[in-house]
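Enquirer: Quick paste from Swiss-Prot:
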- Asp306: active site (ACT_SITE)
- His61, His63, Asp153, Asp306: Zn(2+) 1 binding site (BINDING)
- His63, Tyr64, Arg65, Asn95, Asn279, His310, Phe324, Gly325: substrate binding site (BINDING)
- Asp153, His180, His233: Zn(2+) 2 binding site (BINDING)
Amino acid sequence: MATLIKNGNLYQAGRIYQADVLIEDGKIKAIGKNLSDVVKENLVEIDATNKLVAPGLVDVHVHYRDPGFTYKETIHTGSLAAAHGGYTTVCAMPNLDPVPDTPELVEKMCSRNQEDGVVKVKQYGSITHGLKSEELVDFVGMKKAGAFAFSNDGSGVQTAGTMYQAMKSAAALNMAIVAHVEDNSLLFGGVMNAGKRADELGLPGILGISESSQIARDLLLAKETGVHYHVCHVSTKESVELVRLAKQHKINVTCEVSPHHLLLADVDIPGNDPYYKMNPPLRGVEDRQALIDSLLDGTIDMIATDHAPHSIDEKTGDMREASFGITGSETAFAMLYTKFVKTGIFTLEQLLQWMSINPAEKFGMEDAGELLPGKSADLAIFDLNKEYVIKEEDYLSKGINTPFTGEKVYGQTVLTMVDGQKVYQREEK
């Protein structure tokens, strides 16, 4: 049976134009006008008039908490949330219990991701055993087992020698090192950005140099080893300046920014509210502007949500005691479209480049990030014209820890398909 998506506004090859998309056997068979004439029988038609038809979004940074912390999220609920947000490929971080730090555990996670995920869930292997920055993993074995890349996300690799050896091993395999950059000796128990707002709230601050100092170290190591070094969730002006300089010197570096760091600064934190506690923290107004500018000038390559669900108890009370993290899969596209595209700061084409094309391209995902005949039919349909309210009751994630609940936005997901199969469809109310 074939599926025809009719009359949509298709994003392809950097432009948006009206076209039909014909899908057969999980693949895109044809793109063009009046394709209903191509298949006469057993054709399912989907009317996408006045809707955006885009390549499925790609998120290289999610936390699915499974195994070990399934009261926060599972592979299934996390992937449902991703589909709700228009994502068809996501990459799951290894801060799990047990940590996927052996070939056997990586293979098991890859199998579970395929079984339980409704979207394509790629698995990071850890850089060190137990995420402890000490003993390196079996890089060769973990690549063979299916590891997408290597990361100790949740904690930076604290010793330069360990990171250097990791980079050498990853480079030899043409694999990426994906780094949560944070020097633990510079944290001093902080819970939000160090600055005036932290002082006003009487809360301990996190210095921006805890991030940028480790980026500086790692960029020198990346230059020495030639590894593809990817920086997670950059958040400071100094960090992007370092990445910009490194790119000028032809160091093989890419980086991502999270939606919340584009949308909010520390001055937007209304009080001692754990829903505004994330790591890295919301930074200053100048930092936020630097992130926006760095997307526009190409220093920042992509947007990744850092989807980090927690239980209600873990995000209630005092910021000093609450867990770090914010959800993002279900709000990212709509919030960014509304706040940046509708206001003329970004174009729609740019937003899709950062949320789909670039992450797929930079990480060598040949079957993601573009709609072309012969490729997998991984796509999302968005309604850009109808305003709606982000409601807690609509979340498919177990986590509701986001300050964006209640926002009026545009860009609602109508339908998400993976390999030509519907994995999310909006219910009309």
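All positions are counted from 1 along the displayed chain.
Heads up, the Cβ atoms here are built off N, Cα and C, so glycines get one too.
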Enquirer: Would you mind checking how many other C-beta atoms are within 10 angstroms of the C-beta on Tyr64 (substrate binding site)?
Expert: 33
Enquirer: Nearest by CA distance to His180 (Zn(2+) 2 binding site): which of the binding-site residues is it, out of His61, Arg65, Asn95, Asp153, Asn279?
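Expert: Out of the listed candidates, the nearest Cα belongs to Asp153.
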Enquirer: Provide the three-state secondary structure of His61 (Zn(2+) 1 binding site) computed with DSSP.
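Expert: DSSP assigns His61 (Zn(2+) 1 binding site) to strand.
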Enquirer: In sequence order, what residues of the same chain, 6+ apart, have a Cβ less than 8 Å from the Cβ of Asp153 (Zn(2+) 1 binding site)?
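Expert: Long-range Cβ contacts: His61, His63, Met93, Pro94, Asn95, Tyr124, Val178, Ala179, His180, Cys232.
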Enquirer: Taking the Cβ of Arg65 (substrate binding site) as centre, how many other Cβ atoms lie within 10 Å?
Expert: 26
